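Taking it in order: structure first as structure tokens, then the write-up.
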Amino acid sequence: MASKVLKGIRAIAFDLDGTLVDSAGGLADALDQALLAKGLPAAGKERVAAWVGNGADIMVERALTWARTKLTAQLHKETRELFDRFYETTVTTGSQLFPEVKVTLAELAKHNLPMGIITNKPTPFIAPLLASLDISEYFSLVLGGDDVKEKKPHPAPIYLTMGTFGLRKEELLFVGDSRNDILAAQAAGCPCVGLTYGYNYGESIALSNPDCILTNFSDLLSTIGLPSLKLQEA
């Protein structure tokens, strides 16, 4: 259960990878295929999960650095292009929702809370992923890494979300799993929830000092003062 209630929330924005979706498998499959195509070793899901969160360019850069190859702009460009090609397939085949995500989104929608997604993920991959997981209908705003000049941890996409929804900073809740998510929310001045699962570079989300820390996604309901799923089932 949530230990703290955030009042006055009128809309919620979510990170995507590591928050709503366990996408490490699909990312790792595509990145490993790209690395192997360049004659480099595959990194594997566990390593790739630690590189998620700053966008595809930085993920590819981290992979090439790990492979101890000479990092050039041309190699990075070619590897990124290969990753994009392979990820067109693995973005859907290698991704699944985290537990309780869909039922919680459905419950939030019943209360007419506008919801959005703010992710550093390349924009072309987002719509197919949401459609494959059957959650597109819940989001009236989706901002990908190609939709803003500055990605998280910069607050720009959160400011854009506030403006789109017509909200003051204290009325938008941002939910994420990494320090970049929490830093972006804090810079924008909006309340934030940190999830203990997901991809946070191997460190505890508590170190980023979010307003609330949740282990179960469905506890988001009680965090904003709505009945929990367990109470509804009782």
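From the backbone N, Cα and C atoms, a Cβ is placed for every residue, glycine too.
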Same Mg(2+) site as Asp15, Asp17 according to Swiss-Prot: which of Asp177, Asp211, Asp219?
-> Asp177
For the Mg(2+) site given as Asp15, Asp17, Asp177, which other residues of the same chain have their Cβ within 8 Å of the site's Cβ centre?
-> Phe14, Leu16, Gly18, Thr19, Leu20, Val21, Val52, Gly53, Thr119, Gly176, Ser178, Asp181, Leu195, Gly198, Tyr199
Could you tell me which three-state DSSP class Asp17 (Mg(2+) binding site) falls into?
-> strand
Cβ-Cβ neighbours of Asp17 (Mg(2+) binding site) (radius 10 Å) = 24
